[in-house]
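Enquirer: Take this structure first; my questions come after.
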Amino acid sequence: VSYSIYTRVWIPDPDEVWRSAELTKDYKEGDKSLQLRLEDETVQEYPVDVQNNQLPFLRNPDILVGENDLTALSYLHEPAVLHNLKVRFLESNHIYTYCGIVLVAINPYDQLPIYGQDVIYAYSGQNMGDMDPHIFAVAEEAYKQMARDEKNQSIIVSGESGAGKTVSAKYAMRYFTTVSGSASDTNIEEKVLASSPIMEAIGNAKTTRNDNSSRFGKYIQIGFDKRYRIIGANMRTYLLEKSRVVFQADDERNYHIFYQLCAAASLPEFKELALTCAEDFFYTSQGGNTVIEGVDDAEDFEKTRQAFTLVGVRESHQISIFKIIASILHLGNVEIEAERDGESCRVSPEDEHLSDFCRLLGVEHSQMEHWLCHRKLVTTSETYVKTMSLQQVVNARDALAKHIYAQLFHWIVEHVNKALHTSLKQHSFIGVLDIYGFETFEVNSFEQFCINYANEKLQQQFNSHVFKLEQEEYMKEQIPWTLIDFYDNQPCIDLIEAKLGILDLLDEECKVPRGTDQNWTQKLYDRHSGSQHFQKPRMSNKAFIVIHFADKVEYLSDGFLEKNRDTVYEEQINILKASKFPLVADLFHDGKDSAPATTASSKINIRPSRRPMKASNKEHKKTVGYQFRSSLHLLMETLNATTPHYVRCIKPNDEKLPFHFNSKRAVQQLRACGVLETIRISAAGYPSRWSYHDFFNRYRVLVKKKDLANADKKAICRSVLESLIKDPDKFQFGRTKIFFRAGQVAYLEKLRADKFRAATIMIQKTVRGWLQKQKYRRLKGATLTLQRHCRGHLARRLAKHLRRTRAAVVLQKQYRMQRARRAYQRVRRAAVVIQAFARGMFVLREHKATVIQKHVRGWMARRRFQRLRGAAIVIQCGFRRLKAKQALKALRIEARSAEHLKRLNVGMENKIVQLQRKIDDQNKEVKTLSEQLSAITSAHAMEVEKLKKEVACYQQSQDEDRGPQLQEEVESLRTELQRAHSERKVLEDTHTREKDELKKRVADLEQENALLKDEKEQLNNQILCQSKDEFAQNSVKENLMMKKELEEERSRYQNLVKEYSRLEQRYDNLRDEMTILKQTPGHRRNPSNQSSLESDSNYPSISTSEVGDTEDTLQQVEEIGLEKAAMDMTVFLKLQKRVRELEQERKKLQVQLEKKEQQDGKGVPAEQPSNDSDLDQDADLAYNSLKRQELESENKKLKNELNELRKAVADQASEHSPAAAGTPDSYSLLLNQLRLANEELEVRKEEVLILRTQIVSADQRRLAGKGSEPNINARTSWPNSEKHVDQEDAIEAYHGVCQTNSKTEDWGYLNEDGELGLAYQGLKQVARLLEAQLQAQSREHEEEVDNLKAQLEALKEEMDRQQQTFCQTLLLSPEAQVEFGIQQEMSQLTNENLDLKELVEKLEKNERKLKKQLKIYMKKVQDLEAAQALAQSERKRHELNRQVTVQRKEKDFQGMLEYHKEDEALLIRNLVTELKPQTLAGAVPCLPAYILYMCIRHADYVNDDLKVHALLTSTINGIKKVLKKHNEDFEMTSFWLSNTCRLLHCLKQYSGDEGFMTQNTAKQNEHCLKNFDLTEYRQVLSDLSIQIYQQLIKIAEGLLQPMIVSAMLENESIQGLSGVKPTGYRKRTSSMPEGDNSYCLEAIIRQMNSFHTVMCDQGLDPEIILQVFRQLFYMINAVTLNNLLLRKDVCSWSTGMQLRYNISQLEEWLRGRNLHQSGAVETMEPLIQAAQLLQLKKKSPEDAEAICSLCTALSTQQIVKILNLYTPLNEFEERVTVAFIRTIQAQLQDRNDPQQLLLDFKHMFPVLFPFNPSSLTMDSIHIPACLNLEFLNEV
């Protein structure tokens, strides 16, 4: 491309790095400068290097700017890459961009909604180029290549601190855990994710560049099994920054765990750590600020503890870890005092921090105090203990703290790896490397040297991999291979790691006894001064420069030796080894130090104190550099053995501002991370690659018309290129692609644009000429017409003007005369008036001015006051009126509210009750005071009498000289008496006064009570009136709410059904796997005990009781598995409660039955009393015998089952003990359920026996009424009594035996005819009967006594409770007593009400049950009477006409089919399991459902509940088995959905329920079920229909989903509308026409036609068909829209047009199939609006308003995302500006949209099965012979 005028170029800029400019003048070869115009319109002359011919970089066309892949750019160079990243980041907010095989991730410093579960599922299964760049796309590519190529993968994440490496690695791991799932129940994926907060807490810290900077490197290997599910993980760490433990720069922090622990120091369990805030500790306060804005350390600490627990670190170990961390903080606060000599120092024994350090680590205080300040020197002859200076002690203390933390770090990593380890065999793995990027600071030390060394190795591996991929691509496409020269950094690596390299010389200097950093630096100068990658600084002898691949870095050698040695004194380590805490001792054990170097970044060189320990300390001699080099070599070996995937993280600015791009910083990182190297390698070869199909579609306009006749597109492409590009080296033809040199695509784009521009100009020229001609002709005709009319108008106007001129002159004359006269008169009058006023004014001015002023001013003041007062009054009135209106309105609203009236009533009633209570209390108080007064009076009188007696005694006993004293005492007593009388009088007056007041108050209260009652009546009437109005208003709202709740409940229920079927399927799969793994048969149920409801045992069965058998519960536990049994405990407990209720009801019925029998017995004639008693005894005897026999057999059976079950569970627990920790609990749960089930079984068997005994009694009474000789033995239940012995025979035998005993006759004579045996048998029967009767009476007596005792206990408890309540009530105030009494009464009434309701429900249920039985018995009686009458009439007719033989007429088919019990399996096999839909192609739709119902109807007709139960259960299980076998067959699934629904409709239509019989004919009503209510089975069939419907949708979606994206978005429904853009290295897989995944819209329509035809042919209900297509159209909408939101290449105007056309075709198809009422079009509304959004104008505020009003079905995020992704397909279309997008966001900010960006394409609408009765009658259905159902007999 020539540098001609208007060509745009990039020139260097000191601020923006690169700046865009445009040539204003053509450049000719040899010119020394370029004439440029910058974007700000300034002109600049740019000098050109003529010798090297270095011209500025050319700029790409605008059509290529913003591409997903940088390699798609035609011009590949640094400014193009930088500009593309900047445009994507700032204008479109896209943080991910491909650069060949590299994913460039720019940290947005903001939360973006692009990492949810919906996005993960959207990227799952997609090819890497199919979607927009994303970390999930890289993860999916790695996962897919692992599965496809059977090779291990690695994802290498690198970048500067703060660029987002850790977050990117975390999202990649989250993707793997979400997509792959876990291979076992150990939740390994949760543990992998839980390792992140642990490692962040102990390995991350705040730096000046990043608040959460990883200060170590890590490589996490995620292991997968053969099915590519996660089974475990392993972590390696590299080069932990230990110096941060003891030193932090300004505005930096130590590791997070220290601050988290300080934040949680107030917790009770951490009191012993003796921690305070972080500012109080030296090791955490050096950076200044200890808080990170927006981070809660206490909350993070809780997450860290939870993560520790999740990965299996015990609570005791956690406490020990926190103790060690706290001890490091205390160690940093130990105060060291220097001695006077300066060569020694000491630590105060009273130092609290040292005491806490020793206490927390469990070491001796005195030894630690001594060895902190001393060191041991070992020579060949003896050992010395030497003191250390203050600086040496501080260094030793810091070294110890770093060593403790490093050992703890490695211990935690090791235990995390143990938690992530698995015993299963690892098939493959994916490694995620999160490692530091290239670093350069003002002062660079040993850490930066190691980091940059690691990046040199990684860059070398990256370069070789990129080179290898380029070579493979050329070889695959059969392109001639030319060697591409790329940068090889092996010389720099050799400088560092080769023999006598930098690391080698460093290790050698560390071995020298007095080696120094300066000596080592000098050796480097001497050895490597001639190396091209090594330089010596000019002004320093302590530094050296290494020229890395990214930049020149100057390293300061101070501290290199010390950091490489990493020395800790052995004496201090030995003290820690002797700790009394095992964890502390284990940290410093020798075995720990000898761990392999792969899991640790550094080891400690401990100096030996004895020579024999030399061998054990061999590992200590390894330096940090040596260990890091070894671990790095191992890492490179691992990476070279895997397929790498690269993620380069870029930090856009250093201020952490969201979406702010600093070009200088970005370019530095792009150079450092190898992105530009990738560009350079690509640019050196053929960077632009097009498939022949895409090239032809894009550049078809450049092909001549005669060439288009050729059908071979490759030949057309060859001829076009050879004619357009003359240099054959600029392109190559590959096998499937065309390869172009850099710049050639831009040249072709220019030719294409020129062609379009020329064609546009030609079209514009022709159209504009035609428009101008048309315009001229229209103007000429209009001009002539205008001229004609104008000339006539002008002539008429002139004549009119002349006439008006003459008239105007006359008018003017008269008018002027009148105006002059009037002016004179007005002036004259004014002069006279002025003169008069002037004269008067002069006269009065002197005398009257003051008076006038006074009055005028007074008048003005009064008038102003009156005006103000009036205004104030008006304002007050208005304001008061407004307030009054508001108050009146509020009072009216409040008065109308029912709640207010109720509240008033409640207050009034409470007030009345309280006042009444207060009156009663005051009356009681008056009475009490009266009693006290009388008691005081009587006591006073008694006291006076007593005193009188004492006085008399004293007078008699004492002398006369004591008289005065006694006299005084008498006087004092008299005064007291008078005082008492006065007090009594006061009390009486007070009492009288209070009594009068109370009477008056009572009267007032009674009057007020009457008024309140009247008001209450009025309010109640108002409430009733208002409640009627409110009920009418609220009913509509409640109706809407109930509909919404019903829809939500239906959706939840169907989701539960779906989950149940999924769990059932999972259980079946696990059971099959267990069967394969065991290879020996496990626990099996005996066929005799096996429940017929195999997989549906959780559904109730038909029985006389309303609860399923115990065997059903046991089978449920067995089938759903032990681990799922706990979930059904609530159901089990509910069933138990229901069993107890039914048992009580049964007992009541039994008592009623016994009473009835007693009444019947009283009605029997008196001559048969012994008969009734014998019958009762016989019944009891039969009951006992039956009970004993059946319980013995049942007990034996249950014991066998229990033993087998225990054995199977024990075997399973022993085999799977490591994988299932919850087995013992499940086993105990199973035993408890078994025990409860056995108890229920006992109750059930007893009930059955009682019913059988009642049947026996009924039979005996019937026989007793018919014959005169009743049988004693009515049932042959005893093996010894085969004969039926009459009662008289038994009695005679008994008397005969007695007589024989009295006469002592010969036994042989007696037994001659068997009489003795007969007598003995009778006697035995009589004894048994008497014994049974006695036992029954004793049982009844015991039960009665127990009932009375229970009643007595209940009454006692009630009495105690009432006494306690009464005592509590006495302690309360009167008002509280009244309130408490009312509450007690209300609670009692509520309880009684609930009990009565429950009793009523039970009685109603019992009544319904008895009515149903009565109907059955009435039906049987009627049938029996009809049969007897028919037989009698036949007999009479036969007697009358004996000689006539009548031919028997065949009865009509009654719509019932009979089969034998043994044919049931054959029926299910022929009709369900082996039936194919094609067999019934010409038959009645849903024929199997009709046949099954006719079989059910016959079983109902013969009243065989077991047959009904077995048939329905087998049918359901058979359908499930068929669906499981054909789980991907749409036709089979649709067939059984229609049949299941039809069977459900038949059970409803013929249930006898009037609600379902409204459309039945009289004939159909005859086919209703007579005996059984199958409501419960209708629910089972409804649930089964839901499962089948969900499977049908799943199959249909599986068939449609691969077609949707290709058909809706990619296929050109309108030919030539879309143009293909360059796509770069990541080619779209579906862009190839020869690919298998290319579909058109016709394919989707054909598939849906197939679905519709199948469902209609099989008779599926039309309502269900509508719901099926509504669901499918929603899925089409969701998948298409999600793909549109994640793909930049399809967000264009042409795609919107294609979408509109495709959607219209789908709508037309819906109308053609009469499916437009299904709501399918409404589900497509978001996609329709997205297509319209792509086509609308996007410039002005009016356009923004139109978009906001139109796109109501799209969320704000979706609208903004589409606008950001919108891409013009050619240069004639403008991009969407950032300002326009901001306008859209501002207008939509008030929307309450969900935060989810993508639609949930797995969402399923709840399905409805509306009742659809059949018009067919059962007797009209014919069974074809192809079904092989000859064993069915028509009834």
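Glycine residues also receive a Cβ, built from the backbone N, Cα and C atoms like all the rest.
Just so you know, TrEMBL annotations never went through curation; they're auto-generated.
What TrEMBL records for 4-56 is domain 'Myosin N-terminal SH3-like'. As annotated by TrEMBL, domain 'Myosin motor' applies to 65-753. Annotated ATP binding site per TrEMBL: Gly159, Glu160, Ser161, Gly162, Ala163, Gly164, Lys165, Thr166, in sequence order. Per TrEMBL, region 'Actin-binding' is recorded for 632-654. Residues or ranges marked as coiled coil in TrEMBL: 898-939, 1320-1450. Residues or ranges marked as region 'Disordered' by TrEMBL: 1077-1112, 1151-1177. The compositional bias 'Polar residues' annotation in TrEMBL covers 1087-1107. Taken from TrEMBL, the feature compositional bias 'Basic and acidic residues' covers 1151-1160. Residues annotated as domain 'Dilute' in TrEMBL: 1513-1790.
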Enquirer: Given the ATP site residues Gly159, Glu160, Ser161, Gly162, Ala163, Gly164, Lys165, Thr166, which other residues of that chain have a Cβ within 8 Å of the mean position of their Cβ atoms, reported in sequence order?
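Expert: Nearby residues not in the site list: Asn107, Asn210, Ser213, Gly437, Cys649, Lys651.
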Enquirer: Cβ-Cβ under 8 Å from Ala163 (ATP binding site), same chain, 6 or more residues apart: which ones?
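Expert: For Ala163 (ATP binding site), the qualifying residues are Ala105, Asn107, Gly437, Cys649, Ile650, Lys651, Gln669.
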Enquirer: Using Cβ-Cβ distances, find the residues under 8 Å from Thr166 (ATP binding site) that belong to the same chain and are at least 6 apart in sequence, listing them in sequence order.
Expert: Ser196, Glu200, Asn204, Asn212, Ser214, Asp434
Enquirer: Ranking the binding-site residues Gly159, Gly162, Gly164 by other Cβ atoms within 10 Å, which is at the bottom?
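Expert: Candidates: the binding-site residues Gly159, Gly162, Gly164. Fewest Cβ atoms within 10 Å: Gly162.
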Enquirer: Which residue counts does DSSP yield for the region 'Actin-binding' (632-654) in the helix, strand and coil classes, in that order?
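Expert: So the region 'Actin-binding' (632-654) is made up of 9 helix, 8 strand, 6 coil.
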Enquirer: Tell me the Cβ contacts of Ser161 (ATP binding site) under 8 Å, same chain only and six or more apart in sequence, or just say none.
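Expert: Counting only residues 6 or more apart in sequence, the Cβ neighbours of Ser161 (ATP binding site) under 8 Å are Thr207, Arg209, Asn210, Ser213, Ser214, Tyr436, Gly437, Glu439, Lys651.
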Enquirer: What mean pLDDT score does the coiled coil (898-939) have in the model?
Expert: 79
Enquirer: Take the Cβ of Lys165 (ATP binding site) and count every other Cβ within 10 Å, whichever protein chain it belongs to.
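Expert: There are 27 such Cβ atoms around Lys165 (ATP binding site).
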